[in-house]
Amino acid sequence: MSGFGNEFASEDSRCPGALPVGQNNPQKCAYGLYAEQLSGSAFTAPRNENERTWLYRIRPSVIHKPFKKISSGLVTHNWDAVDPNPNQLRWQPFDFPKSQQDFSEGIATICGAGDPKSRHGIAVHIFTCNKPMGNKCFYNSDGDFLIVPQHGALFIRTEMGRMNVAPNEICVIQRGIRFSVNVEENTRGYILEVFSDHFQLPNLGPIGANGLANPRDFLTPVAWFEDKEVEFTVVNKYHGHLFEATQGHSPFDVVAWHGNYAPYKYDLSKFMVINCVAFDHADPSIFTVLTCPSLKPGTAVADFVIFPPRWSVQEHTFRPPYYHRNCMSEFMGLIYGNYEAKEEGFKPGGGSLHSIMTPHGPDFDCFEKASNAKLEPQKIAEGTMAFMFESSLSMAVTEWANTTKVDSDYYQCWQPLLKHFALPNIEGTKK
């Protein structure tokens with residue numbers, strides 16, 4: 001189903017009439033189903049921010065055995081395990097698993113800030129997996145997952161239906177929604193987790209009514225269910241730790257549903273790019289796909305920004321990204337191709353982090369090439385998709401990420417930058 005934040009209504013075609021008419025909670029639901037509400041916001045949230053969905057399912061989700069704490073693996077929200085590191089950081093591509101592991105077992109936290117208990121903050125994870133979850137599902141009590149597959153497609157079952165999510169697509173699975181990921185090969189990708197609120201489309205301001213990520217290009221699954229009586233494991237992420245419970249049936253037994261709180265996917269190739277057509281380099285905020293706003297206007301807890309193929313036509317301008325010190329944290333990843341500002345060293349499946357006020361910008365080769373290039377219309381980033389998770393929070397790196405795949409020579413890419421400054425040689429000027 002097409003649209004962003006819509007009030008959707010869907011029922012599995014095998015059970016026509018499963019959706020109640022004119023009410024949410026009838027005394028007896030059709031087909032002997034149970035009515036269950038999933039709230040994504042407070043009951044009294046303003047109407048334009050209120051998110052909830054009614055599920056009509058074979059069994060209510062309350063039927064399970066008690067949760068027990070299990071190993072959290074490399075998932076953590078302990079931002080104080082190691083000393084802070086203000087340096088520019090870059091990671092080589094993270095390794096695929098050497099043994100069998102599924103999505104829920106393959107999540108590793110790279111960096112983050114804040115606290116899920118107070119429901120304010122973010123975390124950046126990498127995931128690697130090579131086997132389906134099978135009779136296991138996962139749900140997150142701490143926040144929403146924005147999932148960016150980089151290598152290998154994800155076949156995702158959710159309570160609201162099924163999604164195929166391939167590299168160069170993303171999906172968002174909100175707090176509390178149960179899902180299971182199947183894969184057919186070594187698979188890797190990135191996760192942006194937000195504790196604070198939900199993702200929304202950025203305001204367009206003077207751009208007007210159209211542009212960037214258009215609402216109609218977001219897709220939400222239609223209802224689908226399975227009626228399986230098997231032992232099913234439910235993994236829950238809660239307060240930064242993992243717990244599991246078992247139950248005797250599949251959680252994907254929702255026959256019909258209606259509401260505006262549901263997972264969705266988006267194809268990054270559909271992004272309508274805005275760019276400069278005269279001079280100078282615009283700020284990367286013009287490439288924002290989704291944002292999770294903070295209470296401070298115009299300042300995001302997290303932005304998801306992409307750098308897609310586009311035309312570069314500016315006159316008398318240094319066209320690559322400028323040198324920068326930012327009051328925001330910037331984590332960058334690469335889905336495929338070569339990022340224009342650092343064509344060497346920044347590789348698909350790796351990443352970089354430039355913390356608050358840490359200097360960064362084009363490397364030596366990029367600067368010399370762009371400073372002397374003939375300025376003609378040029379298609380840039382062809383065959384490339386880089387992205388950025390940007391946050392107003394000061395993200396700290398985990399102990400694992402401080403010692404895993406770190407490119408210790410990253411700083412070297414700026415060391416050859418030359419001093420070009422020279423005073424004018426005016427006759428009679430004292431030296």
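Cβ coordinates are placed from backbone N, Cα and C, and glycine is handled just like the others.
Since the structure is predicted, the reported quantities are computational estimates derived from the model, not experimental observations.
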Q: Look up region 'Disordered' in TrEMBL and report which of 1-21, 43-63, 400-420 it refers to.
A: 1-21
Q: State which of the following binding-site residues has the fewest other Cβ atoms within 10 Å around its Cβ: TYR339, HIS360.
A: HIS360
Q: Could you measure between GLU330 (Fe cation binding site) and TYR339 (homogentisate binding site) for me? Cα positions, answer in whole angstrom.
A: 15
Q. The region 'Disordered' (1-21): which same-chain residues, six or more beyond its ends, come within Cβ distance under 8 Å?
A. 29-31, 33, 35, 56, 160-161, 200-201, 215-225, 255-260, 262, 264
Q | Three-state composition of the region 'Disordered' (1-21), taking helix and strand from DSSP | A | 0 helix, 5 strand, 16 coil
**Q.** Neighbouring C-beta atoms (10 Å sphere around the C-beta of HIS324 (Fe cation binding site))
**A.** 15
Q. With a radius of 8 angstroms around the mean position of the C-beta atoms of HIS324, GLU330, HIS360, what other residues of the same chain does the Fe cation site pick up?
A. PRO321, ARG325, ASN326, HIS354, THR358, PRO359, GLY361
